[in-house]
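Annotated features, as they stand in TrEMBL:
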- 337-356: compositional bias 'Polar residues' (COMPBIAS)
- 17-281: domain 'Protein kinase' (DOMAIN)
- 330-360: region 'Disordered' (REGION)
- 412-453: repeat 'WD' (REPEAT)
- 745-781: repeat 'WD' (REPEAT)
Amino acid sequence: MLAHQTHQWQGRSLGRYLLLSLLGRGGMGEVWQAEDTQLHRHVAIKLLLPVLDSEKEYLDAFHNEARLAASLDHPHILSVHDFGELHHGDDVITYLVMPFLNGGTLRNRMESMAELLPTRVSLRYLRQAAEAIDYAHSRQVLHRDVTPSNMLLQDDQLYLSDFGIARLLSTSTYHSRTSVAVGTPEYMAPERIQEKAVPASDLYSLAVIAYQLFTGRLPFEGEDALAVLLKHIQEPPPSPRQFQPQLPEEAAQLLLTALSKHPEERPSNCVAFVTALEQSLQTPQQPHVTKADDPDATLIAPWNKRARNATRENDPNQTLPVGIASTFKLATPGTHPRTSSTGQALETTQTQISGQTRKRAHVNRRAFMLGVTSAAVFLTGSGLALGSSLYRSYTQVPGPQQLHPGRPILKLNGLTDIIWNIRWHPRGRYLATAGYDNLVQVWDLDTHLSSQRHAPSNLSHASAIWKIGATVNRNSLTWSPDGHALALFAPLQGWAGSDAVLATVDAFQPRASLQLYTDPSTSADRLYRGLSWSPSNQVLATGTKQGNISLWHPEAGTTRGVFKRFTNPEQSTQDTVSDLFDAPPTLCWSRDEQQILEYFQPNSITSWNVQTGQRATLLTLPETKGEKGIVYFLTFLNSPTIPTQFLASDIDIAVIFDTAQKKVLSTLGCADPDAHRSVMIPSYSTFNKFCPQLGQLTWSPNGRYVAGTYLSSNQIFVWDLHNTQPHLSSDGHHLPELAFGKNNGHSQGEVIVDLAWSPDGRYIASSATDGIVLIWQVDGA
């Protein structure tokens with residue numbers, strides 16, 4: 001039978017998760033702090049009420065909604081890392097795994113203030129919430145319970161929580177087993193109460209929050225939930241100026257419009273509503289990186305804690321990195337904002353937007369009972385808050401939509417030497433560079449990418465610069481998946497070589513400095529090669545030329561560092577290939593973080609089991625005829641769309657293979673004579689000839705195209721993987737569909753040393769031995 005009582009979970013395990021302490025309990029279940037025993041991080045797990053294992057409707061809904069929640073990838077939406085179910089006798093307990101944060105909610109923040117929040121702070125929170133809601137709507141998902149209690153805060157960032165339990169409350173299982181209903185009365189739109197929710201219903205809820213932030217009052221209050229619901233349906237909201245006379249008339253009218261009883265009369269979307277509010281209050285938000293947009297506000301795991309002033313909004317004088325906009329002054333606070341008069345927070349849900357909704361004839365008191373109790377420790381998703389202009393990759397389908405030969409539109413001029421590493425920020429606005437100039441620089445490309453000039457524009461100054469003191473070698477720079485930080489290899493005093501220590505930097509934190517991590521082991525190899533951040537953002541993997549792997553916990557300080565080491569059992573005591581093979585190894589995590597794939601010597605891809613450390617040869621690459629000479633580049637990439645597919649350079653061809661099928665799917669080659677010449681570099685080493693070979697490769701975000709270079713050519717070649725009848729070389733390799741850059745790009749004789757496709761697919765960045773970085777527009781859409 002269905003277990004109505006709470007199970008005792010303290011100290012028990014759910015798969016790899018060890019439950020540590022109960023954080024909160026409510027009508028939908030419990031929230032627990034837990035430890036991920038495999039990745040050594042704390043997470044929060046939401047245990048939902050048990051159901052019978054025969055409740056197929058609920059179990060199907062749970063799996064569908066959990067997958068839907070996990071697919072919502074936005075800086076201001078709480079992420080879902082994992083989900084599962086536990087069978088306990090005849091019962092099934094389903095659960096969701098999310099990041100852990102000991103912070104609070106917007107409701108907590110409002111209740112703790114003796115006065116209204118400053119206007120700019122309120123607008124900042126509203127904009128972040130609006131961007132999250134509009135993104136979900138673009139994915140055909142409604143939240144249906146947008147409230148201050150579901151808005152989690154960490155410093156200046158907001159995260160909309162509890163996506164992922166969609167339609168669970170509407171299943172017959174929960175209607176019959178619980179009294180939990182859907183929504184919080186004070187924030188429910190009239191049509192939402194009548195179960196006719198549309199995107200404008202979420203906007204209505206956001207407008208209630210805005211009304212509350214700017215007046216300190218809710219538009220509708222009553223003795224109980226039913227009284228509040230009836231007011232939403234029947235009564236017009238009171239003018240906000242009744243409670244806050246200083247509020248501009250235009251702003252007051254906007255709030256009333258957004259609270260219209262008719263969805264079609266409200267603003268077109270949430271961002272449009274907030275933008276109009278900003279204009280009416282004459283406090284436009286800065287599109288640049290400000291203190292309020294500091295990505296470090298997200299603390300994904302306990303080891304990421306950094307010293308930070310909890311009341312940073314009140315410090316208007318903090319200095320930002322070079323070129324970053326300064327912060328703003330705050331408006332004068334008003335009166336104390338009150339929260340829900342009924343005190344009833346009903347369980348949050350989401351649903352896919354559908355034209356079909358069910359009617360309920362009457363609203364009754366019993367339907368609105370207490371839902372999940374606010375937990376003492378809260379959760380947050382990962383992400384970066386830098387203004388709506390940053391989210392091209394979220395509001396558009398990943399491209400390119402209409403591929404055409406690249407047109408150079410921007411040149412970075414402020415570089416003094418070869419740039420080995422060019423890395424797009426995950427949101428697409430920024431580009432990080434590093435190389436022989438001994439610098440790491442972050443460039444803000446937003447204005448230049450949006451210009452319509454016919455000739456390439458020039459950008460001479462980076463927005464932020466860090467002096468490294470040594471070369472940042474190939475494949476030695478990467479953004480964290482959430483865009484908060486950069487990781488790289490740096491020198492360490494007392495050790496030879498520039499790759500002796502792992503370093504990270506909070507790229508958007510004012511006056512940020514490098515945080516160094518060292519391996520205390522006396523047998524540790526101090527010359528690191530290969531760098532890869534895990535998809536969950538928690539672990540950095542580094543490699544060596546001998547094929548060894550180290551796993552690190554990045555944090556502020558050096559008290560934590562390497563927590564796992566994998567030693568290649570086949571490594572030689574002497575480097576027998578150093579003269580003929582000079583490519584740094586490349587690493588790639590599997591999406592489920594169970595394996596690390598390593599490409600550290602020609603012709604072979606190996607995999608490491610993260611939990612056991614077991615090593616196996618995953619694939620032997622087909623190329624065997626390459627002529628003698630130095631191999632200088634190895635590229636190894638995971639498909640952006642298919643988790644089991646990977647791309648690897650193989651001397652002068654590229655190979656796409658599938659780890660599930662354990663076979664090569666296709667090979668990419670080139671018939672251009674310029675691509676098959678040897679390259680001579682005098683005095684490079686005892687051997688000075690580089691055999692004909694591919695340079696760097698990059699995969700388009702939509703998974704359709706691969707772009708690549710050859711050491712002996714200044715062109716960029718593009719292969720269309722959707723072409724089922726491509727032209728083939730005499731060896732049967734897929735030939736490029738187009739090439740560009742021969743006459744309008746890097747100079748003849750220069751080697752293109754790095755290549756990167758932007759996250760939205762519209763641009764490709766390239767760097768070469770001429771010390772120039774070019775941005776190419778490749779999408780005509």
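Any Cβ shown, glycine's included, is placed from N, Cα and C.
Automated prediction, rather than curation, is the source of TrEMBL annotations.
In terms of DSSP secondary structure, the repeat 'WD' (412-453) contains 5 helix, 19 strand, 18 coil. When averaged over the repeat 'WD' (745-781), pLDDT in the model lands at 94.
Here the repeat 'WD' (412-453) has long-range neighbours at 75, 287-289, 321, 323, 384, 386, 389-393, 459-479, 481-483, 486, 488, 505, 507, 753-760, 762-763, 765-769, 771-775, meaning same-chain residues at least 6 beyond its ends whose C-beta is under 8 angstroms from one of its own. Sequence-distant contacts of the repeat 'WD' (745-781), counting only residues of its own chain at least 6 positions beyond either end whose CB sits under 8 Å from a CB of the stretch, comprise 392-393, 396, 398-413, 415-428, 431, 433, 435, 445, 448-449, 456, 474, 679, 695-702, 707-709, 711, 714-716, 718.
Broken down by DSSP into helix, strand and coil, the repeat 'WD' (745-781) contains 0 helix, 19 strand, 18 coil.
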